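Worksheet: the structure to be examined is printed underneath.
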Amino acid sequence: MGRVVLRGGRRVAGADRPAALPVAAAGLVVALAAIGMAGLALWSVSFAWRWPDPWPQSLSLRAWRDVGRWSGAVGQTLLIAAVSTGLALVTAVAWLDSGDRVGRRGQGGWLRAVIHVPLLLPQLSFLIGLAGMMIHAPIGPLAAVIWGHWLFVFPYVMIALAGPWAALDPRLDRSAAALGAGPWRRLWRVKLPVLMAPVATAAAVGFAVSVAQYLPTLFLGGGRIATLTTEAVALSSGSDRRVAAVHAVLQAALPWGVFLAALALPAWAHRHRRALKGAA
């Protein structure tokens, strides 16, 4: 029966429905996230909103105008996320490229499993040990927080980048080597340009993971490093919901902007390279 249908060339009704399910699920997730963001944004500008009123009695930008109240947390969040993500990205690229050089592409052995330890262990117990170790470490709280974020960002960056790196056609690297290009030149001129979209996506994932870190910032920073996440959690139990909503909106907006940049940058960089547009 199946052969008859295939030979007839007729399109079976509903054959494309399974493929549409992931798209519909993704659309539902995006819609729910957009509704949540809209609710937070509305809370941040509501001056008086009493139950059971369906809409605020008045709107005000007072919480947003108080820049000094949230600008410091934004700066700290950007600094920590950018540095920890950059370090994780450099470490991941060096790890994967070294595997290519020694001929063990896609193989990590027990070391590959070790990098996932921070994700598998209970975070509270793991961080208590790290905080105790940091007491005797000759580094400041900011450096300790960046290092703690790197421990959690690096596994996610590796997970996001390992698959596309392993799928890269090895003939590209061999062709460049045959033309006399050294390992570093092959990395910068062949691998990274082709993998620009996966690298940008991995960086966006790492940035989002860093922004969301609460316990590592609190434990390793000793309560002296204020980020959007720590401030949002602290303000959530307060009486001013507008200020808490401002921090929550910024906490969600920063990763969202980085993900948009991760989508736009490869498309812009490969706008004149038709063969690489699919990779972007």
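Placed from the backbone N, Cα and C atoms, the Cβ positions cover glycine too.
The shown structure was predicted, so the numbers you read here are calculated from the model rather than taken from an experiment.
The following features are taken from TrEMBL:
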- 74-262: domain 'ABC transmembrane type-1' (DOMAIN)
- 21-49: transmembrane segment (TRANSMEM)
- 69-96: transmembrane segment (TRANSMEM)
- 117-139: transmembrane segment (TRANSMEM)
- 145-168: transmembrane segment (TRANSMEM)
- 194-215: transmembrane segment (TRANSMEM)
- 244-268: transmembrane segment (TRANSMEM)
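Here the transmembrane segment (117-139) does not touch the transmembrane segment (69-96). Their Cβ atoms form fewer than 3 pairs under 8 Å, with each pair 6 or more residues apart. Cβ atoms under 8 Å from those of the transmembrane segment (194-215) belong to residues 77, 80-82, 84-85, 88-89, 92-93, 123-124, 127, 148-149, 152-154, 156-157, 160-161, 163-165, 168, 172, 227-230, 233, 251, 254-255, 258-259, 261-263, 265-266, 269-270, 276, 279-280 of the same chain, restricted to positions at least 6 beyond its ends. If you look at the transmembrane segment (21-49), the same-chain residues 6 or more away from its ends with a CB under 8 A from one of its CBs are 55-64, 241-242, 245-246, 248-249, 252.
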